[in-house]
Amino acid sequence: RERLLRREWANPAEFLLAFAAGVDRRDVNAVADRRIAEHHARRRAEEDGAPTAGPASSAGLLTKLAEEKAAFGSHVWRQCRLLSKRSAWALFGAYHLIAAHAGVAFAVGLMLSELYSAEPLSLPGTLNRAGSLAFLQLFLAFSSLSCLEVAVAERKLIALEMEASSYGAFPVVATRWLFDIVPLRIVPTALVASVIYAPMGLRVDAGGYFAWYMLVLTLFSAVATLTTYCIGLLCPSLGPAALLSAVVTLWNFVFGGLLVQPGTIPPLLKPFRAVSPFFLSYEALLVNELDGQTCTFAPADASGRPASEAIPLYCTQYLYNMGLDPAAFAADVAMLAAWAVGLTLVSWVLVSRLRFVR
């Protein structure tokens with residue numbers, strides 16, 4: 001009995017969980033020594049016939065539990081280091097997932113570059129720009145579904161280890177950003193966005209437009225991934241999580257700005273358009289691309305051939321006809337950033353409320 005207490009505490013599982021959490025052994029041994037002393041004191045009291053201490057009060061029990069948790073509970077940076085090591089090994093172990101994301105992103109970029117090559121600033125070119133950006137959004141949103149498998153599979157393990165005070169919810173969310181969203185979502189997004197930018201003839205009159213274009217797409221990719229991750233934390237298995245994620249993605253895409261005109265949306269459904277990440281990024285991308293430029297309009301005859309004389313006009317006229325507001329660019333980007341921060345907080349709350357079901 002004494003050997004068991006000295007080596008592995010009263011409960012071997014507690015010692016193993018503390019050891020796996022990277023806790024300093026001196027902290028583990030300090031709590032173990034205190035428990036050994038308490039055990040011997042109770043044994044001596046029983047042998048001498050002295051009355052043993054009765055059940056501790058609830059306040060005293062809570063204080064004792066808090067002290068023990070502080071003794072073997074690691075600091076946040078130790079928790080992040082532990083989860084970072086494990087997540088890094090899992091990420092590099094799933095090299096096929098990294099290769100799949102990078103390969104698919106590069107292939108889609110090449111196909112979009114060929115399909116929408118050198119689009120002019122005309123009515124057909126503007127519509128093609130809008131279609132290519134909408135397709136790119138949908139591709140990024142459905143790419144985020146690959147995080148569901150990990151989110152659903154890790155729920156029980158995270159819940160068990162959090163109940164053992166191995167770490168809190170913050171390290172889980174932080175490592176999700178570092179080892180999932182950044183390498184598997186933001187990097188492939190930057191890859192495909194860079195591949196298609198020049199071949200599609202997107203705006204190159206100043207470098208700031210490319211920076212905003214990249215920022216909006218990476219924010220949208222992060223928002224789509226966090227939405228899928230939150231759904232994965234809520235659903236008990238992969239099937240319902242995948243179905244609900246696909247439905248949420250398609251529902252938001254309906255209000256993205258390409259499939260339905262804003263003037264025809266019923267008043268009851270207009271809030272969906274105002275907060276849809278698809279619409280926010282779609283409007284920001286097109287305003288960034290067209291605002292301040294001069295387009296041309298060539299009326300087509302009955303055979304579909306454009307007229308020989310093209311009418312010059314400001315590209316903002318096309319934005320107005322599509323129901324987009326050039327003055328809302330900053331608000332759209334800010335709303336996307338707010339979505340990313342808000343969904344990060346929601347995922348933190350969902351992780352902190354995970355419970356292990358035996």
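Placed from the backbone N, Cα and C atoms, the Cβ positions cover glycine too.
Residues or ranges marked as domain 'ABC-2 type transporter transmembrane' by TrEMBL: 78-290.
Marked as transmembrane segment by TrEMBL: 88-112 (among others).
Using a Cβ-Cβ cut-off under 8 Å and counting only residues 6 or more beyond its ends in the same chain, the transmembrane segment (132-152) has close neighbours at 90, 97, 100-101, 104-105, 108, 112, 115-116, 119, 180, 184-185, 188-189, 192-193, 196, 200, 217, 220-221, 224-225, 227-229, 231-233, 235-238, 241-242, 245-246, 249, 252-253, 256-258, 278, 281-282, 285-286. Taken from TrEMBL, the feature transmembrane segment applies to 132-152 (among others).
Look at TrEMBL and you will find 177-198 (among others) tagged as transmembrane segment.
The feature transmembrane segment is assigned by TrEMBL to 210-234 (among others).
Annotation comment: TrEMBL describes 241-260 (among others) as transmembrane segment.
For 327-351 (among others), the entry in TrEMBL reads transmembrane segment. Sequence-remote contacts of a segment are chain residues at least 6 beyond its ends whose Cβ falls under 8 Å from one of its Cβ atoms, and for the transmembrane segment (327-351) they are 158, 162, 169-170, 172-173, 176-177, 212, 215-216, 219-220, 222-223, 226-227, 229-230, 233-234, 275, 277, 280-281, 283-284, 287-288, 291.
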Beyond the flanks of the transmembrane segment (210-234) by 6 or more, those residues with Cβ under 8 Å of it: 136-137, 140-141, 143-145, 147-148, 151-152, 155, 176, 180-181, 185-186, 189-190, 193-194, 197, 202-204, 241, 244-245, 248-249, 277-278, 280-281, 284-285, 288-289, 332-333, 336-337, 339-340, 343-344, 346-347, 350-351, 354
Non-local residues, at least 6 beyond the ends, that sit with Cβ under 8 Å of the transmembrane segment (241-260): 130-131, 134, 137-138, 141-142, 144-145, 148, 151-152, 224, 227-228, 231-232, 234-235, 269, 272-273, 276-279, 282-283, 286, 322-324
